[in-house]
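Peer 1: When I checked Swiss-Prot for this same protein, it listed these features:
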- 13-19, 41-43, Arg306, 332-334, 414-416: GTP binding site (BINDING)
- Asp14, Glu15, Gly16, Lys17, Asn39, Ala40, Gly41, His42, Thr130, Arg144, Gln225, Thr240, Arg304: IMP binding site (BINDING)
- Asp14, Gly41: Mg(2+) binding site (BINDING)
- Asp14: active site, proton acceptor (ACT_SITE)
- His42: active site, proton donor (ACT_SITE)
- Ser300, Thr301, Thr302, Gly303, Arg304, Lys305, Arg306: substrate binding site (BINDING)
Amino acid sequence: MNKNIVILGTQWGDEGKGKVVDCLTKDSSYVVRYQGGHNAGHTLVVNDKKIILHLIPSGLLHKNVIGIIANGVVVSPFELIKEIKMLETHNIFVHKRLFISNSSPLILQYHIEMDIAREKKLGISALGTTGRGIGPAYEDKIARRALRIGDLKNEKTLSIRLEKIVNYYNHQLVSFYKHKPVDYKIILRDLLPTIDLIYDMIKDTTSILHTAIQSNKKIIFEGAQGSFLDIDHGTYPYVTSSNSTIGGVITGTGVGSKSLDYILGVTKAYSTRVGYGPFPTELFDDVDKHFSKKGHEFGSTTGRKRRTGWLDAVALCRSVRINSLSGLCITKLDVLDGLYEIKICTAYKNINTLEIISFPDIDEWKNIEPIYETYPGWNKKTLGIKKLIDLPYEARNYINRIEEITQIPVDIISTGPDRSDIIFVRDIFFIKK
């Protein structure tokens, strides 16, 4: 029996991980966020109500589940409290079942101002960040100057350290970026009231998880972003500032690899990307319009239109290897309904040398042309279908081809936005390792 399951994105984020986490967590005891911050955007549709979570684990919509924001996550206490209050409007109360690692770095106003100032300075070369301070917060962590959640428990020490960090940031903001300074006193004034609201949630979450594992509890590890936004394995420098691949689970929670039983890779039936960076299968035609309209392809965090393209199996296969995936979940299959033909990119070709490239260096991407296989589409609606056998033959053929190319099984298929629009090909809790 698989007790501990990792759910991560195989593309550039926005794969639909939140819904999958929500569906699987109903049978679990814990759900854990292990990297990223409130730059993530997990959209859930429950009883026709849309709920968007940026920081709190998606599985907390189930009232029997305990949520963990682990040490690999950078936390804005203001955004956290905002989400807690938003959930309360849906009669979901998490105060007594959400725990935050005392080691999680804080995101504060100076991180946001630095993020904005840098993007402005870069101009047309900007990376397209969310402007929420994620990168600068991770920089502080690596430079060993970060304020962490645990620091909120000592107001005197917090005040002293905060003033030093603000002085450090203001020197750069004013002198180099010609940006407005931040006010240490205002940051402290705004921060202090948040402490009482989250004080009891601050814990040694690694110990909580170790105890849960020893007690044979089921744990879902919820990834944010996608594999090709990973700081090490993504399309650098157009990446996020954390490890969104499998390594982020281990370092971001303190749970060792032997305790991970099954790794589920979530991929859309096509491809999308928000912001700048390489995207070999990108479309600019009527199919792009079809994906955007039918798939509602606008970022849940930024509101930006997502770039769309055909499924990139070259990238997907690389993600399978990097993450040691056990199986796949294909989402938004219903968005392909009504297309005359469907394509899968199976290789990259350098347009100058005609050489087949496995995975390009950053300077090579601009010379890459996708090589496609083409398959017939289908007219029958797949929206809401719950059994594999009920899918159109062409849709099943498409799924089979993805399995052949990636050499791992497709265990889950999402056929619509609601939590009930899903096909469980296999029960991943009971697949033998």
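Even glycines carry a Cβ here, placed using N, Cα and C.
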Peer 1: Taking the Cβ of the residue listed as 'active site, proton donor' as centre, how many other Cβ atoms lie within 10 Å?
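Peer 2: Within a 10 Å radius of the Cβ of the residue listed as 'active site, proton donor' lie 25 other Cβ atoms.
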Peer 1: Can you figure out which of Gly41, His42, Gln225, Lys305, Arg306 (the recorded positions) comes closest in space to Gly16 (GTP binding site), comparing Cα atoms?
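Peer 2: So, of the listed recorded positions, the one sitting closest to Gly16 (GTP binding site) is His42.
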Peer 1: Including all protein chains shown, what's the count of other C-beta atoms within 10 A of the C-beta of Gly13 (GTP binding site)?
Peer 2: 26
Peer 1: Give the distance between the Cα atoms of His42 (active site, proton donor) and Gly13 (GTP binding site), rounded to the nearest whole Å.
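Peer 2: If we compare the Cα positions of His42 (active site, proton donor) and Gly13 (GTP binding site), the gap is 10 Å.
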Peer 1: By a simple count of other Cβ atoms within 10 Å, which of Gln225, Thr415, the binding-site residues in the record, is least packed?
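Peer 2: Thr415, out of the binding-site residues Gln225, Thr415, has the fewest neighbouring Cβ atoms within 10 Å.
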Peer 1: Just checking a number: largest C-alpha distance across Asp14, Glu15, Gly16, Lys17, Asn39, Ala40, Gly41, His42, Thr130, Arg144, Gln225, Thr240, Arg304 for the IMP site, rounded to a whole Å.
Peer 2: 34
Peer 1: Could you state the whole-number distance in Å separating the C-alpha atoms of Lys305 (substrate binding site) and Lys19 (GTP binding site)?
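Peer 2: That separation, Cα to Cα, works out to 20 Å.
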Peer 1: Look up Thr43 (GTP binding site) in the DSSP assignment and report helix, strand or coil.
Peer 2: strand
Peer 1: Out of Gly13, Lys19, Gly303, give those binding-site residues positioned within 10 angstroms of Gln225 (IMP binding site), comparing C-alpha atoms, in sequence order.
Peer 2: Gly13
